[in-house]
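Here's the structure, in structure tokens; my notes come after.
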């Protein structure tokens, strides 16, 4: 952890600000005092035992700034003990990743002196977030100053304040020096090399590092498909055997690609200490609501919502709505095909410059309409998923993924360039305009006096919030659909996706460093539900490619009199390819052998330690 920031030039506080906590500007004084005391209180009396200071911004343009902005930090000892609480895994002296314990801290590799630099910035901020999230109400019946904001023993204080709008936001601060170094090694130099994944993980955490690792792996894995697709496209091969050969290679590639990625992600996760890490008990979502009941797992009171009601909402409302939207998307696609045929017929009857331009009009209209429909559908999908009232954030995300993926067929046709402009450069341009205004206000108010932390916090509070890797994985999923479903009929699909992903690496890196607030680290051992989504797509690709082969004129020429026989043969080939795909997936281990040995050794050592403990307890009694 780099101890380089100070709260102000007057050095009113000696701790490193790691997290910004912003309350509503009209928050009651008693609520603020209560919250700050709970954050500062010792752990043994139910506090978080963290350090917190208030930031006082000067008035700007005659308008009073929000006085309720605070920075949160921690002592190094508290962070090290917190690392044990959250279950961090670190490399032991014997080279095996083991759960960190404060008592054995000096037995871990890279722990020197008092442990300065042992924890990464992302880990320190994650620990503080964990301590804030697990700050629980004791005997309070409501938040002081807010009689209607009810509390009960064991309720997460931060989540309650968030759901009621008292807590506006809390986020980790950027470290300007570390960000500058990361930006230089990551995207500021155009170079053909691997991304600095360890540095990304150190700064942003395992979840984002794993996404960029997947993006890099996917791009390199597409190179063989691209190299085969280029001559296939240029020489316009019509030979049936070569057509089938390309389709079979496509199917084998998609299977090997996903199975080898499992091994790569296992290697990343083991080295980063997340493969063996126990998943922390997941707290209810801030928006989850229901009658107060008893949780048999935690032994605490918390809202309870009947699963039967949730299932009724899903199957009687959400599913019909999704099917209706899917029908509308296909209907719009059929209208587009009709418009395309009309434009072609007009051009064939009277070919000139005007009718030539007319050929592009249906595609332009369709792209715009689909983009608007997708935007509206995304809002509706989020609203319905929230209305279903899922208790856990992971469940919420999984159901949202399922809803959004049904619009795959129409999303595949939209422009990836437009997506990159909308997701990176447009927000960056808007953010730069806001930053300039803030800079001018601060300079006008403070003159030559520099308050770097105040200015940094002011800028970052107004930056966009990064909402997670959902949209990033969705885009890669759609591109995988391009290649696995349609590369046989359009061999250059892999080439275009490689070019897209090269620019995607730089645009995504750029937006993480300069467009969004720094996100909290999200420990991850794999890409989660997206692995299942990609594998499902690869199975669908078998059916699609076999259907494309069956529809080709070359295949039909082999069966001029018996279409039924042709269908049976194509279905048989499909089943053989599916069987081969599953055998291949079974043969390739998900975890490399050397990591399997280390995991087995860790489990053996844990069992031996448990036996010794039981023997000692038996001797003592």
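Cβ atoms here come from the backbone N, Cα and C positions, even for glycine.
In TrEMBL, annotation is done automatically, which means it is predicted and not curated.
TrEMBL tags one of the stretches 451-473, 566-588 as transmembrane segment, and that stretch is 566-588. Looking at 186-204, 243-261, 262-280, the stretch flagged in TrEMBL as transmembrane segment turns out to be 243-261. TrEMBL assigns the feature transmembrane segment to residues 357-379, out of the candidate ranges 357-379, 426-448. Which of 208-231, 592-615 counts as transmembrane segment depends on TrEMBL, and there it is 208-231. As stated in TrEMBL, the feature transmembrane segment covers range 314-337 out of the listed 290-313, 314-337. The list of residues near the transmembrane segment (566-588) in space but at least 6 beyond its ends in sequence, with Cβ under 8 angstroms from a Cβ of it, reads 248, 251-252, 255-256, 258-260, 263, 538-539, 542-543, 546-547, 549-550, 555-556, 558-559. When Cβ-Cβ distances below 8 Å are used as the criterion, the transmembrane segment (314-337) is approached by residues 362-363, 365-366, 369-370, 373, 377, 380-381, 384-385, 387-388, 399, 403, 406-407, 409-410 of the same chain, each at least six residues removed from its ends.
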